[in-house]
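Trainee: First the structure, then my questions, so here it is.
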Amino acid sequence: YKLSVAPEMDIMEYCRKEWRGNTPVAKRMRKGYEAVAQKFASIRRVRGDNYCALRATLFQALSQATQLPSWLQSEDFTMLPENLLSKYDWIKQWQLKQKLGRKMGEISDEIKEYLILLRKKWKNISEIKGPIEKQEACDKLFKNEEEEYSLYEALKFLMLNTAIKLYNDDKNGRRVPVFSWLLFARDTSSNPCQLMHNHLNHIGHSGGLEQVEMFLLAYALQYTIQVYRLYKYSTDEFITLYPNDPEEDWPVVTLITEDDRHYNIPVRMCQETML
């Protein structure tokens, strides 16, 4: 088994290995890593396929989980695929893990299985008290490809569900976050159906998450995703929050990116930061 999230490594050691030259870019990256190293001691490399934003976010969320989020506890959570398919016929074209030509019932059942798996894993890991055991459980999960990729399908479906809600809220004159307008202002995703066809169906296969979809992921999980964007060092966007006006009670996960395409995860907060 390949581990999807590599063992931890000293953050500055990693930086020296990756950014040796004296180009302006290398200097900026080193400065960026130095700033991250004020807060975190180590980095874990995340496997670089087109799932890496989902992988890094989910890994961090599970590593820190101490309880099951309220949206995962709701009674109708596992009924989502059935409920959505009964209203939106086009969801039949949801593309499941490289398997084409499924019947509608199968799609609904399969996504339901993924959602049940997500709830089960989240519950099990959040109930582990010891930090070392919790980390081991996360590592084990992210070595199991079959389960890991099933969880990403669940996350993508939750993103679709969130997008449909936001789209309908906007149409019905309710207030929606600004990113929601941006999401549906794109030529390729002017409604949830297009979003599914042109974006969500491609995540993990031919593309990763775009900036605006990081907001959607944050809303779907009800987590604030804090990202150190190293190439933006010394600008206002060096530390970017998705969403940028987060809810008070949302937990925070932290990621690192050098280019807004690939994400790694910082671990081991430095002692003074924790006080």
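Cβ coordinates are placed from backbone N, Cα and C, and glycine is handled just like the others.
Unlike curated records, TrEMBL annotations are generated automatically.
According to TrEMBL, the protein has these features:
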type	residues	note
ACT_SITE	Asp49	active site
ACT_SITE	Cys52	active site, nucleophile
ACT_SITE	His262	active site
SITE	Glu237	site 'Linear diubiquitin binding'
Trainee: How many Å lie between the Cα of His262 (active site) and the Cα of the residue listed as 'active site, nucleophile'?
Mentor: 6
Trainee: Around the Cβ of His262 (active site), how many other Cβ atoms lie within 10 Å? Please give the count over every shown protein chain.
Mentor: 18
Trainee: Reported as an integer number of Å, what is the Cα distance between Glu237 (site 'Linear diubiquitin binding') and Cys52 (active site, nucleophile)?
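Mentor: Each residue's Cα considered, Glu237 (site 'Linear diubiquitin binding') and Cys52 (active site, nucleophile) end up 21 Å apart.
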